[in-house]
Each structure stands twice: as C-alpha cells, then as structure tokens.
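Positions annotated as ATP binding site by Swiss-Prot, on the basis of sequence analysis: GLY13, PRO14, THR15, ALA16, ALA17, GLY18, LYS19, THR20. Sequence annotations record features per position, and here Swiss-Prot assigns substrate binding site to THR15, ALA16, ALA17, GLY18, LYS19, THR20 based on sequence analysis. Look at Swiss-Prot and you will find 38-41, 162-166 tagged as region 'Interaction with substrate tRNA', backed by sequence analysis. As annotated by Swiss-Prot, site 'Interaction with substrate tRNA' applies to THR104, ARG126, with the evidence given as sequence analysis.
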Amino acid sequence: MAAALPPAIFLMGPTAAGKTDLALALARVLPCDLISVDSALVYRGMDIGTAKPDKAVLAEFPHALIDIRDPAESYSAAEFRADALAAMAESAARGRIPLLVGGTMLYYKALLEGLADMPSADPVVRAELEARAAVEGWEALHRELAEVDPQSAARIHPNDPQRLTRALEVYRVSGMSMSEHRLRQAAGNPEGGTSASGQLPYTVAQLAIAPAQRQILHERIAQRFQAMLEQGFVEEVEALRSRSDLHAGLPSIRAVGYRQVWEYLDGKLSREEMVERGIIATRQLAKRQFTWLRGWGDLQWLDSLACDNLPRTLKYLESVSILK
C-alpha cells in the first residue's frame, strides 16, 4: 500500500483580500511553515509597496521566499518552483505543514502542473500584453523582452507584435525564456516538463479568500494604496531610483504601484495621476487574479469579511484529512 502523501495548504486570493491575516491566524494554531507565493515579495528593499509583513511579524512567523533577490535581478516561475519545492520538503521533513500564501497564480500553477517545454497560448496573458502595448507602445514591451530574453529580443523587431507577444507570453506562462526552451529542446533535455516528475508530491488543500462583493475589494485597494503613501511609499521608490543599476524596465520596478510612483518621480505623472493609476493598476491585478481563480478546480472559498474564517478553515482542513 502506497504511503500517504504529506499535507500542504495553498491560501490564494486577490490582492488586499486578507490572505496574510488568515495565514498568520492559522500559523498560531497549527504546526505550519509559511512560504510566500508572491513575485514582488522576493525583492529586498521593496517593503511598503508590496505590503510585505513587517519585521516584527517576520521575526515571529518567518516566511520562506521573502527577501531572496535584489531588485536588479529577475526571478522566474521555474526558480520559484525549485525554491518552493525545497522549502516544502524541508517543512515536511520536520513533520510540519507547508502553508503557501500569496497571489501570484502562475507560481501555484507551476507547482501543481510543472513547467511545460513550450507552453500553449494563454489568452489572459496575451490580452494583458496587448493592453499594455496599446498604452506604452511595442517598444516598451521589446525593452522588457530584452531584459528577460536578450537572444529573442535580438531576433525580433519591435514592430513585429505577433512574435514579440509570443516571446513574452512564453516567459510569463512558463517562467523560462523562449531561448532557454529551444536550448533544452535541442539538447533533448526534458527537465522541467509536464511529466510525472512535474506532479506535486503532496496532498494539497486549496483555499481562496476574497470579499463577497467586488466593490468592497476595490475600496480596500484604494484605502491600502493611500496608507502605503502615508507610510513612505514614495520615499521607498526614491531610494530605489537613487541606485544606478535600477531602471523602469526591470521586473521589480514594473510591479504594481512601483511603476506608477517611478513615473511620478520621473515627472511623467502628477501626484493625483500617480495615485489614480496606481489604484487602477492594483484593481486590474485583482481582476486578473480572479480570472485565474475562476478557472481553478477544487477551491474552498472564504469571505474576507466573515468573522469565522479560522474555525471554518480548520473544519475544512479536517474534512479533507489535512488535519488528523
């Protein structure tokens, strides 16, 4: 008889939904190790605009995969998968439960399904890229491609939107550049593909938290952005801008909120425009996260405003045999 797989918990949801609060509540009563699933929290020195848990919280409840990269560096879904699997294995080896919390849905997908050798088209990612091109121009997207896949950028002209979109789409969906995919295919190396090795060796309980009404989430997003500004978000971005190795084309600086504050400091936006666009960009991020979650199977939904989320979650975890 095969041994039972160790348990793990995924706590997903849109930005500003209350994921961290519930994760901390669970960590207070369960033998959990927290693992961040957030593409912005990996960066050091980016604390306010990412709503990173403060030092006191991190001292009491350490989170794996927070502050593991400098903002000048990139971090892919493939790197996340390797790092998260290592953190989960370490947690399980101690007889504890890995609790993964965050809103970067591509990372969860990479964990559950592995990384395809060459991904198929993703209409959500493609629509996002085309919408950005309509606002920023294809030159901006070509500069982004040059950051993550300079070999493809050298081959693809900025005025070739079809190939440019595809190259960026491959990177966004798989976490690897198109050039890296081609090298692996040429070498006949299936590592990272969706074979049996891509299956996650855990019994996973998948939770999602969000307000029942979308308008409430929009209000929370606006309130949180204003609170970030009061906490020194602009000054945080000023400190990043003072570094000669950082620029607006880097993945870290393209993070929601940071890009808008950077443009404000560049004189491209007024303060009012910066606030408005920052809030709108955060709402658009939440919409994309909801799009992912709507297509997600086997989710237990929780209302952010409910008073009984902790006992409801514990009861659910017992029902799916995560807790014995």
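Cβ atoms here come from the backbone N, Cα and C positions, even for glycine.
Location within the structure of each feature annotated in Swiss-Prot.
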{"residue": "GLY13", "record": "ATP binding site", "CB count, 10 Å": "27"}
{"residue": "PRO14", "record": "ATP binding site", "CB count, 10 Å": "28"}
{"residue": "THR15", "record": "ATP binding site", "CB count, 10 Å": "24"}
{"residue": "ALA16", "record": "ATP binding site", "CB count, 10 Å": "25"}
{"residue": "ALA17", "record": "ATP binding site", "CB count, 10 Å": "26"}
{"residue": "GLY18", "record": "ATP binding site", "CB count, 10 Å": "22"}
{"residue": "LYS19", "record": "ATP binding site", "CB count, 10 Å": "25"}
{"residue": "THR20", "record": "ATP binding site", "CB count, 10 Å": "20"}
{"residue": "THR104", "record": "site 'Interaction with substrate tRNA'", "CB count, 10 Å": "20"}
{"residue": "ARG126", "record": "site 'Interaction with substrate tRNA'", "CB count, 10 Å": "16"}
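Secondary structure from DSSP puts PRO14 (ATP binding site) in coil. Distance noted between the C-alpha atoms of GLY18 (ATP binding site) and ARG126 (site 'Interaction with substrate tRNA') is 28 Å. LYS19 (ATP binding site) sits 12 Å from THR104 (site 'Interaction with substrate tRNA'), counting Cα to Cα. Averaged over the region 'Interaction with substrate tRNA' (38-41), the predicted model reaches a pLDDT of 97.
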